[in-house]
Amino acid sequence: MSPTWPRRAAKGRVTLALAGFLVAILALAGCGAPAGDGTVDPAPSVAAAAIPTRFAVVDALAATTPPAASPTVTPTPTASPTAPSPTPSPAPPTAAPTTNSPAAPRVPVTAGRIRPGVVYSGRATEHDAGSGDGNCLLGDSDSAMQVVAMNEVDYDNARSCGAYLQVTGPGGTTVVKVVDRCPECPVGALDLSQQAFDRIAGGAQGGLDKVTWRLVSPGDIGPLQFQVKKESSQWWVSLQVRNHRNPVVSLEIQRGGQWVAVARQMYNYFESEGFGPGPFTVRVTDLYGQQIVSTVNLTPGAVQTTSTQFAQH
């Protein structure tokens, strides 16, 4: 019997078929890419992007979470140095008091330029003094007419009105009363009435280059007087002190238990408002600090005579 080659062939065929099938399977199980020119394309990245890793999640959170705000450090405030409270300066005195208040400030009381015991000098001239009633409004003088008009500086806003001066020239000495002012006269100068000039001139005419004069406190001249100006009323009062031995530096009226200073005018009256119908309790102070308290009635135009006078110095 001849060998069964065909059977052998069939087995070989089967073996070859299985081998070819395995080769095909292996080829398909390779990298999954068909053979080409010998290069391998990288796998698509879609799959990797679709599956986030732990680091990707952290990065995503970092990208979407806003950064935390840095804490603001507030500096501790430094206390500013406290400026010392200013010391209030005393208010300057007013020229006229507010008379509708009992606590009205006082008018400054000054002695004026002319002082006791001081000898002054200056030029002397003469003039016709008329009745002797000058800018001081002290009324007519006596027949001797021993009066003088004071230079503007020494007139001192009427502070020298009514003062008595002893004047000495080449021909003698006399005592005169200040009743007027001489705006054009230089400091220290006196413009004497003709009668007073004749007593000291020693025969000179018109004027003297230099005379000396000083304040004096005369002897018996009678009691102190008050003049109430005729326009005065319960709403406005104007008072004048007359026949005073020494220069007057202040006048006050009592109201509500307090003394209220009254302003002096250039024409030698003390004037204010709101003191009512009177009578008034008045206090007058002279150059030496002496004070006289009197009662003055509201009698416009009348001269009221007291029973007292300043002491002689």
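From the backbone N, Cα and C atoms, a Cβ is placed for every residue, glycine too.
Look at TrEMBL and you will find 1-29 tagged as signal peptide.
Annotation source TrEMBL lists region 'Disordered' at 66-112.
The compositional bias 'Low complexity' annotation in TrEMBL covers 66-82.
Positions annotated as compositional bias 'Pro residues' by TrEMBL: 83-95.
If one looks beyond the domain 'RlpA-like protein double-psi beta-barrel' (160-203) by at least 6 residues along the same chain, the residues whose Cβ comes under 8 Å of a Cβ in the stretch are 112-114, 120-129, 132-136, 138, 141, 144-154, 211-218, 241-248, 268. What TrEMBL records for 160-203 is domain 'RlpA-like protein double-psi beta-barrel'.
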* Tally of residues which DSSP labels helix, strand or coil - the domain 'RlpA-like protein double-psi beta-barrel' (160-203) -> 8 helix, 21 strand, 15 coil
